[in-house]
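Asks: Before I ask anything, let me first share the structure, which is written out below as structure tokens.
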Amino acid sequence: MIHSDAMDPAWWVTGFLIASWYYLGCLGSVKGLLSDIRIRWPALLIATLSLMVLWHIRATVLPGLSLHLLGATLCTLVFGYRLALIPLTATLLLAQFTAAGDWRTLGLNACILVLWPVAISRLVAYLVDRLPSNLFVFIFVGGFFGGAAVVVSTGWLLTLTLWLTQLYPWGPLLEDYAAYWLLVAFSEAWLTGMLLTVMVVYRPALVRMFDSTRYIDNA
């Protein structure tokens, strides 16, 4: 998570504008969104509470910088990209308040820790749709690979942003921060793949992006 200490205000203003544009674009039909929320609010609540716990299990590697799992890929596969923003954003709000205590970088953190992971998860899901209709393809590519790809790309985007904003020098970031995201990616891939496997086997209807007719009935 990025703090605003010694940061050029242009960065957090830009982050706020990009995040606002993205969120407004994802709203689409407000009536349809509210209907989805009413139907799936128990699952959304459970996901939000789980993510809040997950994000607070972190390892500090540099002063002011820590590593943690994201859970974005599983949320996107289960809820779709619009509803996935709800538990992830709620978790970010709590983390921003408790860890940073400064709301100026909220937009920038939302771009990196919420919107980017959801966008990459959507991209991986798009690629999965164009692969053979195989259950293992959905689980391993969408779950394991997707989870790892999201964490690695998010970690490196965060590293690059910290360097461009001149909050940290490149050397320590590369050696003591960026490299450790690869370890986090392995854990994220394992957790996402495991939970996704359990859900598609026992509760496939809960996974919005999983088509049981395509992956099971026609297997």
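The count begins at 1 with the first shown residue.
The backbone N, Cα and C atoms fix where each Cβ goes, glycine too.
Note: TrEMBL annotation is automatic and uncurated.
In case it's useful when we look at the structure, here is the feature table from TrEMBL:
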TRANSMEM  12-33  transmembrane segment
TRANSMEM  39-57  transmembrane segment
TRANSMEM  69-94  transmembrane segment
TRANSMEM  106-128  transmembrane segment
TRANSMEM  135-158  transmembrane segment
TRANSMEM  178-202  transmembrane segment
Asks: Would you kindly list the residues that approach the transmembrane segment (39-57) from elsewhere in its chain, counting only those six or more residues past its ends and only Cβ-Cβ distances under 8 Å?
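Replies: Apart from its flanks, the transmembrane segment (39-57) reaches 68-71, 75, 78-79, 83, 86-88, 90-91, 94-95, 98, 206.
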Asks: For the transmembrane segment (106-128), what are the same-chain contacts with Cβ under 8 Å, counting residues 6+ beyond its ends?
Replies: 1-2, 11-20, 22-23, 70, 72-73, 75-77, 81, 84-85, 88-89, 92-93, 96, 100, 137-138, 141-142, 145-146, 149-150, 153-154, 157-158, 161, 209
Asks: Can you tell me which parts of the same chain pack against the transmembrane segment (135-158), counting only residues 6+ beyond its ends and a CB-CB cutoff under 8 A?
Replies: 2, 67, 69-70, 72-74, 77, 112-113, 116-117, 120-121, 124-125, 127-128, 177-178, 181-182, 184-186, 188-193, 196-197, 200, 209-210, 215-216, 219
